[in-house]
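Annotated compositional bias 'Low complexity' per Swiss-Prot: 342-359, in sequence order. Annotation source Swiss-Prot lists disulfide bond at Cys125-Cys188, Cys227-Cys283. Swiss-Prot lists 209-297 with the feature domain 'Ig-like C1-type'. According to Swiss-Prot, the feature N-linked glycosylation site maps to Asn110, an assignment based on similarity to another entry. Residues or ranges marked as phosphotyrosine by Swiss-Prot on the basis of similarity to another entry: Tyr344. The annotation region 'Alpha-3' is assigned in Swiss-Prot to 207-298. Sequence annotations record features per position, and here Swiss-Prot assigns signal peptide to 1-24. Here Swiss-Prot flags 25-308 as topological domain 'Extracellular', drawing on sequence analysis. Summarising the annotation, Swiss-Prot assigns transmembrane segment to 309-332 and lists sequence analysis as the type of evidence.
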Amino acid sequence: MAVMAPRTLVLLLSGALALTQTWAGSHSMRYFSTSVSRPGRGEPRFIAVGYVDDTQFVRFDSDAASQRMEPRAPWIEQEGPEYWDRNTRNVKAHSQTDRVDLGTLRGYYNQSEDGSHTIQRMYGCDVGSDGRFLRGYQQDAYDGKDYIALNEDLRSWTAADMAAEITKRKWEAAHFAEQLRAYLEGTCVEWLRRHLENGKETLQRTDAPKTHMTHHAVSDHEAILRCWALSFYPAEITLTWQRDGEDQTQDTELVETRPAGDGTFQKWAAVVVPSGQEQRYTCHVQHEGLPEPLTLRWEPSSQPTIPIVGIIAGLVLFGAVIAGAVVAAVRWRRKSSDRKGGSYSQAASSDSAQGSDVSLTACKV
């Protein structure tokens, strides 16, 4: 996404965060795509990435030399040539639909041909711990703003403005929701089960967070206590601060969970405290990989060093993933009681299961 400005990347990231929350004990397969027009520089750039839970497993970039859907996880490499051929054809078809849509939307909004514009899309499905369908979704955005979304009933649409109402009427006339629902409840679920089974050593593992606390004096009267959680998987984690047993939610500075670049995640939460009162504050960490929640308290004798190099490296990788893959920050929710020891059967031997997990459905705006 090198053609995109930093502000656009922030919009993409914030949108992705709003879209990537799942239910406790559930698993998800999601595809994210972005098309960016570049007047005077050829065809729009199209990037698509697929995620199972917190793990990116496929990627396509129209600017890449291969012009192919490429694996991004070891367990997906076992799929045969037909899988890669059909997924490549499907994403290329989506890119051509987006190319037409960029021109159509520019007309809807009475925009000139000079500026660069973006179409974003997220679609996918969730299954419960038993592998059964929970929900499906598709959401589209234009220039970083909501455009149209499939409703929870998978039968109707919500349009964000008058331009999107035009698209809504077109899609209703074409019965697009019905086609999409068939994919979300069928092919998407079959492939998600298949991926969870083939990649279970990675996708169904739990890595407990490595935790510590740091102290930084900001004045003679105040200090910052920062609670760190590093090297954990899956991404869902809760860090909370308490003072004398009372939650300090309003006074807590909390960053989003960030990928560390090695398949694990990192997060911190900080509070400003009066100097000399550090012992009144405790950090509480909850994660699926912990047998019970952890409670941390500042110990002056330990004086740990803030792991600046590791965190900065993680942030750099985080930015690179956003720029290259559109969406890398995630907030999936799964709990140990529903997940540990789970097993998912292979998808049925049907045409969809043998061919492609990318949606075949695409409808012009």
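Cβ atoms here come from the backbone N, Cα and C positions, even for glycine.
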Expressed to the nearest Å, what is the distance separating Cys188 (disulfide bond) and the residue listed as 'N-linked glycosylation site' at their Cα atoms?
36
May I ask you to report the DSSP-based helix, strand or coil state of Cys188 (disulfide bond)?
helix
Restricting to the chain of Cys283 (disulfide bond) and a gap of 6 or more, list residues whose Cβ falls under 8 Å of its Cβ, or answer none.
Thr211, Met213, Leu225, Cys227, Leu239, Thr240, Trp241, Gln242, Ala269, Thr295, Leu296, Arg297
Fill in the CA-CA distance, Cys125 (disulfide bond) to Asn110 (N-linked glycosylation site), as an integer in Å.
35
When the domain 'Ig-like C1-type' (209-297) is classified with DSSP, how many of its residues are helical, how many are strand and how many are coil?
6 helix, 54 strand, 29 coil
Look up Cys125 (disulfide bond) in the DSSP assignment and reduce it to helix, strand or coil.
strand
Specify the count of other C-beta atoms within 10 Å of the C-beta of Cys125 (disulfide bond).
24
Starting from the Cβ of Cys188 (disulfide bond), draw a 10 Å sphere and report how many other Cβ atoms land inside it.
27
